[in-house]
Amino acid sequence: MKVCSIVVVILAVLLIAKLDAKIYERCELAKKLEEAGLDGFKGYTVGDWLCVAHYESGFDTSFVDHNPDGSSEYGIFQLNSAWWCNNGITPTQNLCNIDCNDLLNRHILDDIICAKRVASSHKSMKAWDSWTQHCAGHDLSEWLKGCSVRLKTDSSYNNW
């Protein structure tokens with residue numbers, strides 16, 4: 001009975017999160033990422049971040065994926081419950097000090113702050129397999145075509 005109650009609570013939380021979720025348009029997300037200081041952060045461009053968000057979640061803030069090891073990944077950047085957030089189920093390091101469900105709404109500043117922490121780790125963007133497979137070494141300018149963002153001309157600049 002206790003397990004059933006836990007499942008009901010989790011489903012209720014996910015339903016509420018889904019109601020406040022958003023699937024971002026590419027250029028809309030590019031603008032948010034640029035405004036949050038991701039262009040040039042640790043030498044990566046908004047194109048890198050758009051590419052990761054596309055392949056991880058399809059720009060969907062409510063996306064949750066479950067891994068064979070029992071951990072889950074949350075939000076637009078698919079932040080893992082074993083390392084970056086706490087879902088109350090998976091043993092976690094919770095390195096971003098955040099509840100995983102807080103990553104499932106349209107308010108992505110907390111996702112961005114946590115993603116910056118991931119990018120600042122020893123793995124940097126390689127922490128996302130999608131970046132290694134689809135983004136690294138590719139022309140990422142296509143991700144920004146038609147978007148009115150003010151990008152830094154020197155992507156090695158970092159104001160953080």
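Going from the start of the chain as shown, residues are counted 1 onward.
Glycine residues also receive a Cβ, built from the backbone N, Cα and C atoms like all the rest.
According to Swiss-Prot, the protein carries these features:
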- 1-21: signal peptide (SIGNAL)
- 22-150: domain 'C-type lysozyme' (DOMAIN)
- CYS27-CYS147: disulfide bond (DISULFID)
- CYS51-CYS135: disulfide bond (DISULFID)
- GLU56: active site (ACT_SITE)
- CYS85-CYS100: disulfide bond (DISULFID)
- CYS96-CYS114: disulfide bond (DISULFID)
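All features noted in Swiss-Prot, drawn onto the structure.
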residue: CYS27; record: disulfide bond; DSSP class: helix
residue: CYS51; record: disulfide bond; DSSP class: helix
residue: GLU56; record: active site; DSSP class: helix
residue: CYS85; record: disulfide bond; DSSP class: coil
residue: CYS96; record: disulfide bond; DSSP class: coil
residue: CYS114; record: disulfide bond; DSSP class: helix
residue: CYS135; record: disulfide bond; DSSP class: helix
residue: CYS147; record: disulfide bond; DSSP class: coil
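For the domain 'C-type lysozyme' (22-150), the model gives a mean pLDDT of 97. Local packing around the disulfide-bonded residues CYS51, CYS85, CYS114, CYS135, CYS147 was summarised as the count of other Cβ atoms within 10 Å of each Cβ; on this measure the leading residue is CYS85. Of all the disulfide-bonded residues given, namely CYS27, CYS96, CYS100, the one with the smallest number of surrounding CB atoms inside 10 A is CYS27. Around GLU56 (active site), the same-chain residues six or more apart in sequence whose CB sits under 8 Å from its CB are PHE63, GLU73, ILE76, PHE77, GLN78, TRP128, SER130, listed in sequence order. Put simply, CYS27 is the one of the disulfide-bonded residues CYS27, CYS100, CYS114, CYS147 whose Cα lies nearest to the Cα of CYS51 (disulfide bond). On the backbone, the CA of CYS27 (disulfide bond) and the CA of CYS135 (disulfide bond) stand 17 Å apart. Checked against CYS96 (disulfide bond) by C-alpha proximity, the disulfide-bonded residues CYS85, CYS135, CYS147 yield CYS85 as the nearest. Rounded to a whole number, the distance between the Cα atoms of CYS100 (disulfide bond) and CYS147 (disulfide bond) is 30 Å. Separation of the C-alpha atoms of CYS100 (disulfide bond) and CYS135 (disulfide bond): 25 Å, rounded to the nearest whole number. A straight line from the CA of CYS135 (disulfide bond) to the CA of CYS114 (disulfide bond) spans 20 Å. Taking only the Cα positions, the spacing between CYS85 (disulfide bond) and CYS114 (disulfide bond) is 9 angstrom.
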